[in-house]
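Sequence annotations record features per position, and here Swiss-Prot assigns ATP binding site to GLY13, MET14, SER15, GLY16, SER17, GLY18, LYS19, SER20. If you look up Swiss-Prot, you'll see ASP62, VAL63, ARG64, GLU65 marked as GTP binding site, on the strength of sequence analysis.
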Amino acid sequence: MTAPAKQIVIITGMSGSGKSTAIRALEDSGFFCIDNLPVLLLPKLTELAGGGHFERMALVVDVREGVFLKDAPRILAEVRRAGHQVEVLFLDASDDSLIRRFSETRRRHPLAPNGTVAEGIKAERQALRDLRELADQVIDSSTLNVHDLKRMVQARFSPEPAAGPSLSIMSFGYRYGVPPQADLVLDVRFLPNPYFVPEMKGLTGKVPKVAAYVLEREETQQFLEKVVDLCRFLFPRYQKEGKAYLTVALGCTGGKHRSVAIAAELTQRLTDEDTRVQLWDRDIEKE
């Protein structure tokens, strides 16, 4: 009797990018998790976990693999051929962000115990280059705190089934930077800003009167119709190319009013039985 197929998430990426946070997020979501399992043991693990045991597993694979890291592409292909669903999540961050994090924790880089963190980062990027190219999704954690990263990972690997793509709608403020993980970025700063209406300045786009101020305009409705049409045009074509997860980011100046209202409305319009949509207001709580 053939063992049931398993959902296997391989978490990899740069040291200091948030792999520990990601594996804990999946553990909290019901995954059986192993940190630093030698990749050569993955086929044996799936064999030992046959039957109905550990149907959802998450593993960390990183530079601690050493010389065995080069075997990762071959091993992952072998496990996929066995019928298992294998997804690779690569966590990254800018060099400046990684250096700052190492400085804050006073840790040495694993690839440069006697050198600088910058030297270790450079060597690690080279070592992980092939694995990064295999990634089904790359998350840049440069601007994310641990709570944001946990929320993103859990949303990405939610067990809820969907026949179509999984979609993340994100509102953000340009003053805090464009989210690097976005596949599509749409600027809604052409719409009138509730910030300049005294009674709305301290509110957000989640408040009904603020949302109405943004949404009850002809140009807003035209914009939403065009964005929905664009998304529905793109989704099946992304799926055809093997991309099952999309992030659409909507930005205004501060990420509190216009983008929040538009993101909520877009989420409502795009959610159906074939598409799982996750809404995330990245900057709504920032000062």
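Yeah, the Cβs are placed from backbone N, Cα and C, and that goes for glycine too.
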Whole-number Å value for how far GLY18 (ATP binding site) lies from ARG64 (GTP binding site) (Cα to Cα): 15
Sparsest-packed among the binding-site residues, when each Cβ's other Cβ atoms within 10 Å are tallied, from LYS19, ARG64: ARG64
Same chain, 6+ residues apart, C-beta under 8 Å of the C-beta of VAL63 (GTP binding site), given in sequence order: SER15, LEU69, PRO110, LEU111, GLU124, ALA127, LEU128
Integer Å distance between the CA atoms belonging to ASP62 (GTP binding site) and GLY18 (ATP binding site): 12
Per-residue Cβ crowding (10 Å cut-off), top of binding-site residues SER15, SER17, SER20: SER17
For SER15 (ATP binding site): DSSP state (helix, strand, coil): coil
Among GLY13, GLY16, SER17, LYS19, SER20, which are recorded as binding-site residues, the nearest neighbour of ASP62 (GTP binding site) by Cα: GLY13
Local Cβ density at ASP62 (GTP binding site) - other Cβ atoms counted within 10 Å: 22
